[in-house]
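For reference, TrEMBL has these:
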type     : residues : note
DOMAIN   : 16-126   : domain 'Transmembrane protein 135 N-terminal'
TRANSMEM : 35-57    : transmembrane segment
TRANSMEM : 77-98    : transmembrane segment
TRANSMEM : 104-123  : transmembrane segment
TRANSMEM : 159-176  : transmembrane segment
TRANSMEM : 273-294  : transmembrane segment
TRANSMEM : 360-379  : transmembrane segment
Amino acid sequence: MTGISKIFYEISNGKTCRDLHHAHIKSCRTHFYNLLWTLLPGGFKLYVPLLVIPPLLKGKQLTWKYLQKHIWEYINISLKTYIQAVAALGSVCLLYKIFGKLHFYTVMAIPGMISALVAPKMIHSHLRLQSITFFNMMLEVLIKKSNISMIQFLKNSRVFGTAMFMIMSGIIMNILQKSSINQFWLISPTKVKSLIHEISDLNSNFEKKLIDNRKFCSHEEPCFNYIKDGIFKYTIAGLILEVSKSIISRFPLLLQEPLKFCVKILKGLSFRLPLFLASYVGIFRMTSCILSNFKKGDQPEFSKIAGNISGIAFYIYPKYQIFTLAFTKSIEMSWNYSFDLMNKNNCVYRCMKSINDLPILWMMRFIALGVMYHTALFYPHLSPAFNHKAFNFCSNNAVKTMKSSLISWMLATVN
């Protein structure tokens, strides 16, 4: 597939946007109207895990008010993603009309950027979700493509990758514990409560007994229940993610052959993600409890130690997506934490504030969408699986159709 990018202009000579992705529809205008209704389900399918997982993790804290707000936000991001998809595919035809031919970067890269430009204003958390997700996938592509020796070693060494993840995990958990920064990460530490452990001045044996029997951890429930609850919830979350992924990718089969669909779902399930999530939260909570009881009280530093140790779970599920998420989160949180602690009269603070005032998330999404659309079409061997899934869902397989067209043009040229 790499050869397509090299001989693109040769194989696309005389071809039109219709030849590329709407051969069954003569008019670009009719094609655009067709996009308006065929692309509508895409965003809703893509964000099914986002709809299902958070309420499950809420457990007993789930309320009807939260559920209403959550469903509305799901509809909101799905519709805005739909508008982005329509803009991207519609601009392929528009750019062809402007330039009179297909160009290497107007086929998908620039349309991807246009989709970011025309996207309706999103809730900040949704903008962050899109920006970080596509930026992390772009980092994954750069890592796969890189020839730098250290990055090559990182790609090929699970032990080194796990060690790096352990460090980043410790940084993230330490900042989440010590600051008011509230960002998505795999788990959140229970905030430390201040305890009085000095009993030298207590004269009453009754008071001493009260102190001796005090629960030293910051969580409310007994340690065993605390650890068990975390493992159970995150195992369920991992299983739901796996099942959702399997169902969505095989959904057409459900209507045709339900029995075969069920067999495929069961065969396609992987338990490594649930095992990773359960191990990560289990090790973190168990380590925190052991340290708190050993030291007769919880301390903020324990979150960092537990975060470091729990990072060993990455060895079970050494995926680029998890690693790049930890990489960007550790940098972003460290930046925000340093910024919050800095003296406001400091020159460095003013420089950091100027950078913070820039629309960083918007710029990340703008660049990353262009790169990832382009990668999905011309370098699919480098493109993450989720990138293919996202674009195929949201484009109603139009990106897959474009790839098929390019392959057929290349084969026709060779013959």
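Placed from the backbone N, Cα and C atoms, the Cβ positions cover glycine too.
Where the annotation comes from TrEMBL, it is an automatic prediction and has not been curated.
Panel annotation: around the transmembrane segment (360-379), residues 1-2, 4-5, 8, 84, 88, 104-105, 107-113, 115-117, 119, 127-128, 130-132, 134-135, 137-138, 141, 387-388, 391, 399, 402-403, 406 of the same chain, lying at least six beyond its termini, place a Cβ under 8 Å from a Cβ of the stretch. Same-chain residues lying 6 or more positions outside the transmembrane segment (159-176) and placing a CB less than 8 Å from one of its CB atoms are 153, 183, 185, 188-189, 284, 300-301, 303-312, 314-315, 318, 322-323, 326-327, 329-330, 333-334, 337. Taken through DSSP, the domain 'Transmembrane protein 135 N-terminal' (16-126) splits into 86 helix, 0 strand, 25 coil.
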